[in-house]
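What TrEMBL says about this protein:
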- Gly12, Cys13, Gly14, Lys15, Ser16, Thr17, Arg117, Arg152: ATP binding site (BINDING)
- Ser16: Mg(2+) binding site (BINDING)
- Asp34, Arg58, Gly80, Arg135: substrate binding site (BINDING)
Amino acid sequence: MAPVVVLVGAPGCGKSTVGEALATALGVEFRDTDTDIERMAGKPIPEIFIDEGEEHFRTLERAAVAAALAASPGVLALGGGAVLAEETRAALVGHRVVHLSVELPDAVKRVGLGAGRPLLAINPRATLKHLMDQRRPLYAEVATATVATDGRTPAEIVAEIAALLPR
Ligand SMILES: Nc1ncnc2c1ncn2[C@@H]1O[C@H](COP(=O)(O)OP(=O)(O)OP(=O)(O)O)[C@@H](O)[C@H]1O
Ligand SMILES: O=C(O)C1=C[C@@H](O)[C@@H](O)[C@H](O)C1
Ligand SMILES: [Mg+2]
């Protein structure tokens, strides 16, 4: 069963926060591929990066996204870098994909010092800017709709996404 909606976007755009709240509002399950990967690996994401490296993490991520797209009936949030994989971008074709957009100032405030986000462990602002510049076209490529999150509460964002969904 396909997800009701798939959420993509940069670190800190609110995929996990908005995804949970949206699933609750819709009365459906929430699934986050970052959580699936941690369960699969038996350790937190920063430890996967330290022990096995980013490439191994991306391999686990491609498998986790493919499995979740096939089996999640509710709201599905992908990791911030999942769209880097061409295989994943192809797998998203035909799904309802909402890009939660965020600009650098709000993203930086939300991720703070990047705790729990291994790619942002050093120089979070510059790294985030680089990641966002690199990924913006990829989020746009997979998205069927874009919802801006800057200066807005999770509740406002949830309401806008819910209005995009079939009743
Ligand atoms: N619209 C918002 N306004 C203010 N703060 C927000 C908003 N959305 C999320 N946050 C806060 O920003 C932080 C990051 O949110 P969240 O973890 O949901 O982002 P994410 O997109 O899942 O990030 P990642 O890609 O790292 O998993 C959290 O502390 C959350 O409470
Ligand atoms: O932006 C990224 O590449 C990442 C975002 C997180 O959701 C995790 O998937 C992981 O920390 C990598
Ligand atoms: Mg998240």
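From the backbone N, Cα and C atoms, a Cβ is placed for every residue, glycine too.
Note that the structure is predicted; figures quoted are calculated from it, not measured.
Within the set of binding-site residues Cys13, Gly14, Arg135, Arg152, no residue has a CB atom less than 6 Å from any atom of ligand 3.
Other than Asp34, Arg58, Gly80, Arg135, the residues of this chain whose Cβ falls within 8 Å of the Cβ centroid of the substrate site are, in sequence order, Pro11, Glu61, Leu78, Gly79, Gly81, Ala82, Val83, Leu84. Taking Gly14, Asp34, Arg58, Gly80, Arg117, Arg152 as the candidate binding-site residues, the subset whose CB lies under 6 angstroms from any atom of ligand 2 consists of Asp34, Gly80, Arg117. Residues Thr17, Gly80, taken from the binding-site residues Thr17, Arg58, Gly80, Arg135, are distinguished by a CB atom under 6 angstroms from ligand 1. The maximum pairwise C-alpha distance among Gly12, Cys13, Gly14, Lys15, Ser16, Thr17, Arg117, Arg152, the residues recorded as binding ATP, is 23 Å. Within the same chain, residues at least six positions away from Arg135 (substrate binding site) with a Cβ under 8 Å of its Cβ are Ala10, Gly80, Gly81, Val83, Leu84. Long-range Cβ proximity for Gly14 (ATP binding site), meaning a same-chain Cβ under 8 A and a gap of 6 or more residues, is found for Leu100, Val102, Arg110, Thr149, Pro154, Ile157. Note: the CA-CA distance between Asp34 (substrate binding site) and Lys15 (ATP binding site) rounds to 11 Å.
The separation of Arg58 (substrate binding site) from Ser16 (ATP binding site), Cα to Cα, is 19 Å. Taken over all pairs of the listed substrate-binding residues (Asp34, Arg58, Gly80, Arg135), the Cα spread reaches a maximum of 18 Å, rounded to the nearest whole number. In the structure as shown, the Cβ atom of Ser16 (ATP binding site) sits within 10 Å of 16 other Cβ atoms. Cβ crowding, taken as the number of other Cβ atoms within 10 Å, peaks at Lys15 among the binding-site residues Lys15, Arg58, Arg117, Arg152. Around the Cβ of Gly12 (ATP binding site), a 10 Å sphere holds 26 further Cβ atoms from the protein chains shown. Counting only same-chain residues six or more apart in sequence, the Cβ atoms lying under 8 angstroms from the Cβ of Thr17 (ATP binding site) belong to Pro154.
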